[in-house]
Amino acid sequence: MVAVFHGPLVLGALLLLLALQHGASAEEPGFANRTGVHVAFLTDCQMYSDWQSVGAAFSFKMSGQPGSVIRVMCCSEEQAKNYNKGLLGMVDTWVAPDATHSKRTGDRYAAYNKPEAVIDWLDHNVPKHDYVLVLDSDMVLRRPFFVENMGPRKGLAVGARYTYMIGVANELAVRHIPHVPPRNDTLAGPFGRRADQVGGFFFIHKDDLKAMSHDWLKFSEDVRVDDQAYRLSGDVYAIHPGDRPWISEMYGYAFGAANHNVWHKWDTFSMIYPGYEPREGIPKLMHYGLLFEIGKNYSFDKHWHYDFDVTVCPPWDLKDPKRRTHGIFPEPPRPSSLRKVFPKNGDMASMDDFIGYYKELLAIETLATLNAAFCDYHISHCPPSEQLVSVCKEVFSLYNEAREFIQEAEASYDCQDFHPKCEEWKESGECTKNENYMTENCRKTCDKCNKIEKFFPETTTKELEEKLAKMSKELQPLSEDPDNKAGAGSAPKTESPLVIPKQEQPVAIIPRNEVPPKQEVRASSPAMQSSPPPSPPPASPPPVDSPPPMSPPPESPSPDKPPPKVVTRKALADPKKVTQKALMVRCYKLSLGIDEVKDCVKAAKEGKEYEVPKRTKATDEEEEAPKAKHAESHLTLDGEGATTESANDEVAKTKAPDASAEGNEGKKNIRVVQRDLEDLSLTQGDGKKGKAPVIDAPVVGPSLHSLLGRLNTWQALVLWLVVVVAFLALVPRIAKLRRRQRSGMRTE
């Protein structure tokens with residue numbers, strides 16, 4: 001009886017579910033049924049490319065792009081063998097051989113890796129989808145590329161506009177592809193061209209890409225060694241005889257495609273550079289290949305970060321507000337700090353203001369996406385730590401705020417016409433005949449603002465934030481332990497107090513008889529660079545005006561002294577039950593320096609509990625001597641906040657002989673550490689940074705500066721009066737001698 005009614009009930013439920021799904025798809029037409037695209041971003045094995053790859057992979061995940069993604073990476077055998085396993089498994093990856101050195105021409109050129117990567121990938125694999133979107137690793141994908149809207153097909157690809165490729169329509173094209181007839185359209189360049197002026201990204205059918213990939217490499221090599229290319233290519237880096245164009249690879253692609261009858265149509269708005277005004281539409285792709293600024297106090301250039309290592313786990317040194325080598329990039333301004341502006345109908349001034357506001361939001365979103373990508377990687381590959389939790393919470397907060405402001409701005413910007421012929425096309429019925437294109441470019445004229453979805457990707461960092469919350473709970477029991485209260489690593493009151501390492505003790509430098517106001521020493525912003533055309537930069541990074549590195553901590557006591565005693569902290573738990581993970585977490589909770597944390601982690605991996613060294617009395621007395629001498633330095637702050645030392649401080653700092661010292665016969669030279677005067681605290685420096693100069697000061701008695709400092713106001717006034725009177729008494733004699741010299745008299 002039950003079975004009789006069970007079948008119809010299930011069938012009815014299924015029909016109801018299908019009806020609901022059909023209704024949902026009617027409200028959001030075709031989003032789930034879009035054609036999949038295989039996104040391939042091309043890169044190499046350098047550390048400089050690793051952080052870009054992390055950003056590219058994360059941006060694909062957050063863009064809502066239908067399809068799949070692959071990283072095609074060119075590496076030498078040695079590089080591939082030693083490549084970081086965490087980075088290798090981060091995203092689907094194909095490793096191709098390194099091709100920077102051409103076997104055919106003998107030329108060395110890093111961009112040969114782009115065609116070689118595609119050749120090797122397609123020679124051994126078949127893309128999962130019919131259409132491939134080829135990107136560089138220094139791009140952030142922010143909106144999906146839809147085949148139905150952009151219209152690529154076999155024989156016709158889509159690419160960004162690069163009009164400085166003048167060689168497609170001059171003698172350069174004739175020298176390399178004379179058999180290709182001139183074109184009589186302007187879809188991707190001027191009339192009479194023999195190839196298309198495209199670059200940046202390529203939205204192309206997989207069969208076309210495979211067919212022309214070998215010629216992509218061949219023509220890149222040919223243009224590179226063409227002795228006339230310097231005057232025909234339009235490359236601003238190649239203007240003298242013998243110069244080899246940096247954009248040879250772009251010509252290789254254009255000539256290779258034309259040689260296989262693959263042509264393009266321009267897409268003028270899908271890809272822009274941060275800092276450029278998005279006047280032709282809503283960009284889908286941000287290419288951060290050039291220097292850009294946000295407001296007046298923030299700037300970013302990827303070339304400043306050749307040494308950024310995305311694989312380094314906390315602890316991170318994030319003090320430098322301009323340049324960092326690990327962790328996250330300096331945080332951009334928050335969108336809430338900008339003045340909101342929205343366009344008004346018929347008001348061009350308000351539209352200009354809105355474009356400026358939207359431009360700033362896009363730049364902020366680009367940096368926020370990169371930092372969110374780094375946190376995504378660290379959460380999956382680093383042990384729990386309070387710094388990781390606190391830093392990444394702030395990163396995700398900024399990322400979500402940027403997307404919220406972007407979505408609000410683009411809701412207004414979406415209901416616009418981005419082509420001057422929209423009205424004309426509407427009259428000819430194109431709003432119905434060519435609905436996808438008109439929805440993309442003539443939304444307002446065709447009355448599509450509220451009827452067609454705007455394709456803003458509804459992706460969030462909720463899952464990552466949940467992982468952070470779980471990580472924070474794992475750290476909570478440690479923070480409640482009396483030995484590790486709030487993660488500060490403070491010792492229990494019943495035991496001897498923890499000795500704070502010398503390099504972590506702040507030193508306040510106060511001028512005599514004066515309490516200085518609290519001032520912040522900030523690094524200046526990077527120098528503004530002129531923006532070259534959107535072509536790859538030279539291999540070596542440009543100079544960066546970053547602040548000098550902080551000095552290392554004072555040197556350890558000499559070997560002839562007895563080793564310092566150590567104090568062992570109270571065990572967190574039964575030693576037999578302490579796991580390796582708990583030991584590693586303990587390292588990040590203790591109040592240790594960076595080097596000590598590294599030693600602690602190393603000991604934890606071996607299953608040992610790290611012991612914090614305790615300073616002996618003799619060691620503390622010896623370290624107090626250079627500190628006392630350093631406190632006598634007379635520091636001044638100039639108008640820009642930089643600290644300088646007065647001329648009197650050039651006199652060597654000395655210390656009276658210590659007759660009680662053993663083994664030095666009553667004499668002992670104290671090694672005085674001169675610290676970077678821009679650093680007003682004795683903080684621990686990075687081990688990779690340069691050492692501070694050390695001077696052995698001889699024993700010569702009290703310094704002139706210390707003697708003058710003991711005078712009161714009246715004594716100082718009398719001293720200066722004596723100096724002035726003496727100087728005035730010498731003036732007539734000096735004048736008399738000068739008169740004798742001019743009159744030819746002999747002077748002794």
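Every residue gets a Cβ built from N, Cα and C, even glycine.
Per Swiss-Prot, the residue from CYS313, CYS375, CYS449 that shares a disulphide bond with CYS415 is CYS449. If you go by Swiss-Prot, CYS422 shares a disulfide bond with CYS442, out of CYS431, CYS442.
This prediction places the mean pLDDT of the topological domain 'Extracellular' (27-710) at 77.
When secondary structure is read from DSSP and collapsed to three states, ASN297 (N-linked glycosylation site) falls in the coil class.
Spacing of CYS442 (disulfide bond) relative to ASN297 (N-linked glycosylation site) is 37 Å (Cα to Cα, whole number).
When the neighbouring Cβ atoms lying within 10 Å are counted for each of the disulfide-bonded residues (CYS415, CYS431, CYS442, CYS449), the highest count belongs to CYS442. Among the glycosylation sites ASN33, ASN184, ASN297, not one has its Cα within 10 Å of the Cα of CYS446 (disulfide bond).
Note on ASN33 (N-linked glycosylation site): other Cβ atoms within 10 Å of its Cβ, all shown chains, come to 9. Comparing Cα positions, ASN297 (N-linked glycosylation site) lies closest to CYS449 out of the recorded positions ASN33, CYS431, CYS449. In this structure, CYS449 (disulfide bond) belongs to neither helix nor strand by DSSP; it is coil.
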